[in-house]
Amino acid sequence: MVPSRRAPRRSGVTSTDLAAFAALFAICFPARTAVAHPSLVESSLCGEDAHPTVKRAAHDAPVVDNDISFAMYYAAEQPTDDEMVPDRTVPGEWAINAAEYKPGARHTLVVRIPDPGEFLITATAGIFRELGSHDDGRTNYGAGTGCGGARYNLRESWRTTLLVWTAPETAETVRFKVTTATGKHGGFRNNAASFVANGNLPPPGSTPAGAPPGPPASGSGSVHDEGMNGKFVAHGWFMAAAWAVMIPFGIFSARYARSPPGAPPSRSDAVETVRRGWFKLHVWLNSIGLVSALIGGLLSYSAVEEELGDGMHLRSAHAYWGVATLLLGINQPLNAFTRPPAPGPGEEKSKERRRWEKVHRFLAWAALMLSIVAMDTGTEAAMNVWGAPKGGKAANSAYIAWVWMVLLATCIAEVFRWRERQRLGIPMWGDAEGRTMNRNFVELSEIEGEDEPERAGPR
């Protein structure tokens, strides 16, 4: 077969690739270092003046959320390390079954938030105990107390949080107020409750029969075990399979699995098999990935319907990133079926074909880039919204580590790709005439197998 001179073609790292990686680092990773609610938890004001009353940054002005609730329990007479765990359980018999407290006694204030996020709580009297570091040497909730113990900034996110509060010696009405926001863009929500002093409260363990039970004492009802809706968990696994494995490797197969233009067959039968089947690999990996992503999307839709009801689907940054990613992914096979015809032997690619290839490649990188942000915000939502702070954090850390591993593998693959082309005398950026010799090589092969270009050398 006689080589034909083709339209200019660039190999190696393109401007599209560089833009994609630059945007990936600029958008995804630095964003993780930002404090979710700096105007809330990092405020130094005391009393109810510390609570926002107007819109701040991306958070809308606060509204009253009556689902934020308060309950009072006794605490151990002497401080213990166990009570420094804000998601622990307390015995039900410690419950105080009215909006009351015992002056001078130590109490456990239970705060329940249906859509958890970082929150600020203030008290008009009494002192919150600093949670600080747990004695296991690993758990550290950070410094939270302020204003002499009259306020607490919780930087973790649970549906139920237990705070140790020492009541004032004097008999007075104490008002607690909580302000919270879900995610980096959720509106502020607050609620308040007043507790009156009652020096005649019975001691712990003498709760009247029929009184409402307190938080479970066994640990089976702790907030970390409330668990997510199982459909959200399945959604996460399907999306991870799609956007962390199948689709990325489907994209990479088009760049790294196929043979350089005009290269002789590989000495390795395994490598040669992969190179001859790169396009089928590309199609199948992306197809399986998209099916997995569609299933994951349907599971998420169903779970939101169950948890929040109709009309609550696009209420978070993760939802918007996820929908945008899925739409770009679905567009790729549709775009492939509208491709202009491939050039025949000895022909140059048409302008339409070259334009289509650039668009197809750019949209693939854009979908992959958006998927990283969507996965990152999704694991954060699991931590902060859907009741899986430990599992969500572990998934988030594992995914970020996986992204770094893939980036490292990509750099290594680029080096091998460059060395092979150097050895074959194939320019990375075009020759002196701005052209690349190409043996009827099709940049983005057709769906039909017969459009795959012939390979040079004996078979």
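Note that Cβ sites are derived from N, Cα and C of the backbone, with glycine treated the same way.
Residues or ranges marked as compositional bias 'Pro residues' by TrEMBL: 201-216.
Under the heading domain 'Cytochrome b561', TrEMBL lists 197-419.
For 193-223, the entry in TrEMBL reads region 'Disordered'.
Sequence-remote contacts of a segment are chain residues at least 6 beyond its ends whose Cβ falls under 8 Å from one of its Cβ atoms, and for the transmembrane segment (237-257) they are 274-275, 278-279, 281-286, 288-290, 292-293, 295-296, 299, 322, 325, 329, 364-365, 367-368, 371-372, 374-375, 378, 399, 402, 406, 410, 413, 417, 444. Sequence annotations record features per position, and here TrEMBL assigns transmembrane segment to 237-257 (among others).
The annotation transmembrane segment is assigned in TrEMBL to 278-299 (among others).
For 359-379 (among others), the entry in TrEMBL reads transmembrane segment.
As annotated by TrEMBL, transmembrane segment applies to 399-418 (among others).
Beyond the ends of the transmembrane segment (278-299), by six or more residues, the same chain brings 231-232, 234-239, 241-243, 245-247, 249-251, 253-254, 257-258, 322, 326, 329-330, 332-333, 445, 447, 449, 452 to within a C-beta distance below 8 angstroms of the stretch. Per-residue pLDDT, averaged along the domain 'Cytochrome b561' (197-419), amounts to 79 for this model.
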